[in-house]
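Chemist: Before we start, here is the structure in question, set down as structure tokens.
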Amino acid sequence: MSGKRDILITEVALRDGSHAINHQFTVEQVVSVARALDEANVPFIEVSHGDGLAGSSLQYGLSRTNEMELIEAAVSVCKQATVGVLLLPGIGTIKDLNAAVKLGVGMARIATHVTEADISAQHIARSKELGLFTVGFLMMSHMAPPEKLVEQAKLMESYGADAVYVVDSAGALLPHEVAERIRALKQSIGVEIGFHAHNNLSLAMANTLAAIQEGATRIDGSVRCLGAGAGNTQTEVLVAVLERMGIETGIDLYKMMDLAEEIVAPILQVPQEITRDSLVLGYAGVYSSFRLHAERAAKKFGIDSRDILIELGKRKAVGGQEDMIIDVAAEILKQRSAAGLR
Ligand SMILES: CC[C@H](O)CC(=O)C(=O)O
Ligand SMILES: [Mn+2]
């Protein structure tokens, strides 16, 4: 480990992983994970509610612990890592960003649906004013062709973003689709390009490597796959694979493996694997964070969660439309009853 970094990894387990554990992180868990990540020399650690700052709500899931306490705890144990936050304009506000900055965060990722970058202008501008490394985070990137993605990334760049991410929120992209998107951005924007994967079709690693091959220099990972759906690119595995390829992350592999095994595995409510529901998320192109909501609705209405997810995919539901999950479940039940199937 030379300390040189060819690729900058952002660890998202303490934010994306919040979805997988119903937003139940405790201060003690965040302290132990963040401290170990910092000791392993991970450069960026994202901490927030799964849906970003101020996501704690009945609609998205109530946090067990106020996220500001979690952020403060993470910052307090990080000696070298930058702690970052996610903000979805409309869920979180500039007031929330200001509060997070007071606690010592150094990076903000402003996330919008892939076709709605224009709503990020004031949040990106404020983040820059606050001196933060600022990322534009284009979610559900499988829903837009490369030309559209370029148009939206250019908007984020024009607002001042230091990097723009292609975000495969549904884990639906195939490696050649990732490659064409990153290639198009590389040819069109001047800021760094990042990639965020979900492993619902078992393609997170392949997609990440395709992104790196086309010039992405910022990559998200979640240790032990602690992320929504089937999780993200597994950080400790990514570190090992990149090391084998001669690509330096600056991260200590043994320390990452120990953290995964000894600290993160016990936090998981169930081991992260590609279940039938996470597979359907990728297959149907549905937001990974919808999985547990759909499973709860399926149980309540006595129907198959896969039918709910497939219908959400057909309706092209986007992040923030979690209320549609109940509507869809109720409609499926009504149709079944009308057809005499129940
Ligand atoms: C709801 C926010 C979302 O979880 C952000 C993200 O990680 C993604 O779109 O994949
Ligand atoms: Mn995600």
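Glycine residues also receive a Cβ, built from the backbone N, Cα and C atoms like all the rest.
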Chemist: TrEMBL has Arg15, Asp16, His196, Tyr287 down as binding substrate; which of Ser56, Ser57, Ser158, Ser169 does it also list for that site?
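Modeler: Looking at Ser56, Ser57, Ser158, Ser169, the one TrEMBL places in the substrate site next to Arg15, Asp16, His196, Tyr287 is Ser169.
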Chemist: Roughly how many angstrom lie between the C-alpha atoms of Ser169 (substrate binding site) and His198 (Mn(2+) binding site)?
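Modeler: One finds 6 Å between the Cα atoms of these residues.
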Chemist: Give the three-state DSSP assignment (helix, strand or coil) for His196 (substrate binding site).
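Modeler: Its secondary structure by DSSP: strand.
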Chemist: 10 Å Cβ neighbour count around His196 (substrate binding site)?
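Modeler: Within a 10 Å radius of the Cβ of His196 (substrate binding site) lie 32 other Cβ atoms.
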Chemist: Between His19 (active site, proton acceptor) and His198 (Mn(2+) binding site), find the distance joining the two CA atoms and give it rounded to the nearest Å.
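Modeler: So the Cα of His198 (Mn(2+) binding site) lies 13 Å away from that of His19 (active site, proton acceptor).
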Chemist: Here are the recorded positions: Arg15, His19, His198. Which has the lowest count of other Cβ atoms within 10 Å?
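Modeler: Among the recorded positions Arg15, His19, His198, the lowest count of other Cβ atoms within 10 Å belongs to His19.
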